[in-house]
Structure formats: C-alpha cells, structure tokens
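Before any comments, here is the structure.
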Amino acid sequence: MAMASVQFSPLARPPSAATVSSASRRVGNRWPCRLKTAFVPHSSLRALAVAGTGNGGIGERTDDLPLIEDGSIDVVDHKQEIDGTKVPERDFSDTPYVPVYVMLPLGVINMNCELVDPDGLLQQLRILKSVNVDGVMVDCWWGIVEAHHPQEYNWAAYKRLFQIVRELKLKLQVVMSFHECGGNVGDDVHIPLPHWVAEIGYNNPEIFCTDSEGRRNPECLTWGIDKERVLRGRTAVEVYFDYMRSFRVEFDEFFEDGVISDIEIGLGPCGELRYPSYPAKHGWKYPGIGEFQCYDLYLMKSLTKAAEARGHSFWARAPNNAGSYNSQPHDTGFFCDGGDYDSYYGRFFLNWYSQVLIDHGDRVLSLAKLAFEGTCIAAKLSGIHWWYKTASHAAELTAGFYNPCNRDGYAAIAAMLKKHDCALNFTCVELRTLNQHEDFPEALADPEGLVWQVLNAAWDVCIPVASENALPCHDREGYNKILENAKPMNDPDGRHLSAFTYLRLSPV
C-alpha cells in the first residue's frame, strides 16, 4: 500500500506545505509522478491511496523511484505507454473513502506484558500519522494477558500502548488473539497459549487439534471443547467470553471516545476461521494440500454422532486416502478428479467437517457480539488460493472450506457472519494469478478468482468486507491490485472495501 513506501528518515523533515501544495496541484492536473512504488505527498496520500482522486490508477507503468531528499519530490510529466498504447488513468474522484490501517509488529508487547521500545514505536507512529494513516492494528495475545492463572488478566502494557495511539489521534483495530504465534509465515516471535492451558494440555492433549498421525498442534484449541468443561471448570467458549468481557471493561474509555474502531475475533490459527491444516512445524511446505485436523477425541465423538444420525455408523471416520501434508491432489484417491471427495461418504464427511468450523465461529461470535455490543466486530478468513484451479480445491477442503468447483463454500460462512452483523476480513488482495503461475505453476493457484468469489459471497449478504495483504508488499503492481480489489471497476452497485490493513509496520 502506498503508505509502506513513504520512507522519511526519522531525522529528515517532512515535505513543506509549499512543496505539498505544489505537488498536489500537479497530481490534480494529471501530472503522473515517476514512482516505482506509490509515494505521494503526505497531505494527499489518502486521496491517492485507496480513498481519493487522481494518480495511482490501474495499469501504470513502473519507472524509477525519485530520490526523496530534504522534503522535496521529483514530479515529471511523462506518458505511460505499453506496447505503444497509452494506458488510461483510473479516476477515484467522488468515490467512497476507505480507511487505511497498519499492523503493528507481532512482538510490540513481550511475554512479560511490557511495551517493547516505546520511544522507537512512538517515532514510527508519528511517521504513520504524518502520512495520514487512519490507525493501527494490534494483537491482544491470550498467552500474554492471561498467561499464568485463569481469569487473572494483565492489560498494563496494552493500556500504555493505547494511550500513545490515542494521543496521536490514531484509531485502533484490536485482535482478540486466542492462538499461538510462531511457526507460520511472517512470525518473528514466539507467543504460546497460556501456561495454565499448556498444563491442562499436558494431561489431556485431546484439547488440541490433531492430525491422522496423532500429532497435536498447540496453535489453538480444538473446536471439540467449545462446550466441554475441561478448562478448569470452564468451556473454551466461556474462556474466550471472559477474556473479551475483561477487555471491554478494562478499556471502556477507549470504546467510549471512539479510539477503538473495531474488534477482530480470533477464531483459529493465525486468528483465522480455519483448521490448522498446513502447519510448517509438521513439515508442510507450499503448495501441499494439508491434512484434516479432526482426530482429537472430542471431534471424533462429534463425527460418530453425525454418522449415526445419518444412519451410516461406518462413516464415523476421516478419509484414509487423503494423502499427507505435502501431497498433490492428483496423487490421492480422495482429492483427485472424480475422487472420493464427491462420493456420498465424501460429501457427508466434508459437510460435517466444514459445519463444525462454522458452528465454532457462530458460538464465539454470538458471545463476542454480546461482549462488544455497539462496536463493530470482524472475523478473518485466510486466502487459500493454491489448487483453486482443480476440481476438488483440496487445500481449502482440509482447512474447512467446503468449496469444490461444484459448490460455493463461502456462502454459508457469509450467512453466519451476517447473523451476527460481523464484518469479513479477507487476505491476499495484493496477489496476482499470473505471478503465482510463473512462480509455482504446479500449484494451480488462482488468488484473483478466490478473492472475487469471497468478496461477492460477503457482498451478496450485505456485510462489510475489509482486507489486508497476505505477504509483505512494497511494489507498484501489488499496490494497484489492492486498489483494484478495494474499488472494483465498473461495479454497478459501487461496492468497495470497508477498510484496508497493511501488513506490516517495519523499517522497510
């Protein structure tokens, strides 16, 4: 996103008012900046990024990045041509404003619940404020706040952080992070689940998601204990609710004065509504199809009950021909074209597996809506775009998205979110299918097709859709793709993203 490219040195002064005014007028008169990334003067960043008018349209040519020195920028009038044809510039004038947020570093608060380098963070936040970023996103880690004893919460560092954000007149997107940090792409710190939960898991490892080999994944708790009193007398859903209610009471002033704009509810690994089907810690590598994660005692009981209710008790098992983490669909009997995924049993199993996930989201969000009454809540979906061009969509199936080529697996999720007036936050809006084909042709990926399907599933039920980039993005091509998804061209209904969050604040 544009803001990521604004790289003022902490010691350099921002552009002067005269420089900004002059540059803004030129942009308004359609004088395109010769920018490799999407730097614009800070006063017009909103206008040129997602929200506003003028330059920064789809299909602009990549040119050299001008040196930014002593607050000045180089603005050059030149024609953009591809194969001798001038590329029309997209005009964002009179289009709705889309707020832009930036994710804070994962380790901004350490395991002792201390704010790490507050002075350095303040300096970075001032830079974000200077380029008119609307706010920041921060994870409130369960493993830090309720680390040692049930219902003993330490919010001290978060209160200090929120005060800094408020003083700078920035907004906050807050994530209720009920998952472990570490071991996934982009994780640069390790934040486990609370110690007291780990102690319970040591004696009862069935509380964790489990694969066919019996390997436990402590990234998050299995949905099977949502209603089981195995957490020292509380169910998992009760634990999540108590945590959310404590946060709401502790930070009441930040809700009342509007600093906290919305709350994202963690519903699984990486805070996403999905099974932990592709964990690197168990050897998964892109573009492996992943594995089903339903082998804990509690989910197997649920499967048995569902099979008996269907009248086929012998269906109380997970597929035995679904391959392993790094298999490809055509190498398995379950996911290959014409495979068992589309058999009577396969349809039964996949419907149960996906419904358990949706029911988990339904239960947690119903209590989140109660805890945060009057505040916007959101749920995050992962963009599992690999194998999207195959019939089975194997990687989506193992993650709990029942979305083969002959079924819309995201409509039911969107309907569940609609029930709770919950916004959808979706990833990978910066990815291009062509690039994926060039880098990993064997993956048969289609991020653009997936984004289009998911956004429309949400828009069809009239829920807000926010988004973020899946991977670090500093290039013009990714920036333009984000713009394209933020405000789809020629949409007769004028639909657009409700917000965009950039991953992630860093020196780069």
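Cβ atoms here come from the backbone N, Cα and C positions, even for glycine.
The region 'Disordered' annotation in TrEMBL covers 1-23.
The annotation compositional bias 'Low complexity' is assigned in TrEMBL to 14-23.
As annotated by TrEMBL, substrate binding site applies to Asp139, His179, Asp187, Lys380, His385, Thr427, Asn469, Ala470, Arg504. Other Cβ atoms within 10 Å of the Cβ of Asp139 (substrate binding site), summed over all protein chains shown, number 24.
In the shown protein chains, 22 other C-beta atoms lie within 10 A of the C-beta of Glu272 (active site, proton donor). What TrEMBL records for Glu272 is active site, proton donor.
Sequence-distant neighbours of Glu468 (active site, proton acceptor) (same chain, 6+ residues apart, CB-CB distance under 8 A): Met103, Asn425, Phe426, Thr427, Val429, Phe500, Thr501, Tyr502, Leu503. The annotation active site, proton acceptor is assigned in TrEMBL to Glu468.
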- Note on the structure: All chains considered, the count of other Cβ atoms within 10 Å of the Cβ of Arg504 (substrate binding site) is 18
- Message: Let me make sure I understand the span of the substrate site: among Asp139, His179, Asp187, Lys380, His385, Thr427, Asn469, Ala470, Arg504, what is the greatest distance between any two Cα atoms, in Å?
- Response: 25
